[in-house]
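Read through the structure below, which is laid out as structure tokens, and then see the notes.
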């Protein structure tokens, strides 16, 4: 899809003009101009009750005298001054549905005139593009009959302000990164294993002059003492690989990097602590943290942000066999702390703890890890907010700000010292689980023991990384949040 921002005349020929209208006869400048061009036709529709402005209601008009456009699509925007982000998304999706049904190839949108609460034109355009790209996404790689795709080729926003051009640039890059994250996450686990994840990182680095790649294999992990990471991998024939993508683009090449760490369990059966069979297929999504870091690295390379950023994809697979690690095992982690394994299905934190120690070598400005870590986070926050745990208030607030700006929502959970009590073991420095209560928090508390040398935040995306039911599939979250956070570091 090609997106443009430019001033257009209402008399310009096009497949379709999209126009927003509020309830209670609150009309925009363009509405009144079109009404004049069509000799009062739009006001006649209002008087007859056919055009109410009700939220996401669409009225499609064809071949209107006075307009060169083939069609005029009017969409209801609810009450003026009360339009929320969620309602705006409904409007965009309603418009997109009609455009697809009418095989529209080019559209000129006057939705730039819509007023959103606490949002500017930049946000209006960027969010519209991200919504369009997200809604149009199809994953039919393995279907013999491909899904019908939209023929829409050109989407023109009626404005020529500089904000609009930046919004298009950001939205295109972020949408590309989200798509990349969704594509990898939706791949079946018989194809997307740790080696596949490393191969995708290699392809990304080879296609970008700004990115370089180092892959750490099991032999190197063993030399480094990454015993917790390796223990998780022991039950699988697919070997573990940790892919380290480096984006070195700050004016000062020696500036401390921001490090993103993504949990990459390409399939998690739970190991010896085997998961229930129901919905186990969804455990291919246990690598969505790595997928989101991959998508974010792709995005920032496309945007050419003047930052130094390192993205680590911690690829691994957790399966049961005669060589698998067991409940009761005690592991010596890379930083020397010992961990008693009480549940082999609490494996993500074991992979992450060694990865978080590994990244100390980069002397990072800060580290953010992203993981589908706990079902407890889904119980606590549902599927709308990612869980945020951090030892640094400024970092946590910056991530929450980015979440608000993008509507890629997050909610901060507490991390007081009392939660460490639940992780005590009579036989080791730590237990890998902290009991039934506060599971999302105790998982974060566990990780905090391996982050003493830098500013750190943890995003638990177990509830937000994928959807179930009819719309089953990866969401690409939190690529938008992470990218916005990085954009804000430049400002």
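Positions of Cβ are set from backbone N, Cα and C atoms, glycine also.
When Swiss-Prot records 263, 268, 286 as binding Mn(2+) 2, the matching candidate from 199, 206, 340, 347 it lists for that site is 347. Residue 275 (active site) carries neither a helix nor a strand DSSP state and counts as coil. Among the recorded positions 275, 345, 349, the ones whose Cα sits within 10 Å of the Cα of residue 268 (Mn(2+) 2 binding site) are 275, 345. Each of 232, 265, 269, 270, 271, 273, 275, 283, 286, 318, 344, 346, 348 belongs to the same chain as 268, 345, 347, is absent from that list, and has a C-beta within 8 angstroms of the C-beta centroid marking the Mn(2+) 1 site. Cβ-based crowding with a 10 Å cutoff singles out 263 as the top-ranked of the recorded positions 263, 275, 349.
Compute the center of the Cβ atoms of 263, 268, 286, 347, which mark the site for Mn(2+) 2; besides them, the chain residues with Cβ within 8 Å of that center are 232, 264, 265, 283, 287, 316, 318, 348, 351, 371, 372. Proximity of residue 345 (Mn(2+) 1 binding site) to non-local residues of its own chain (separation of 6 or more, Cβ distance below 8 Å) is seen for 268, 270, 271, 273, 274, 275, 318, given in sequence order.
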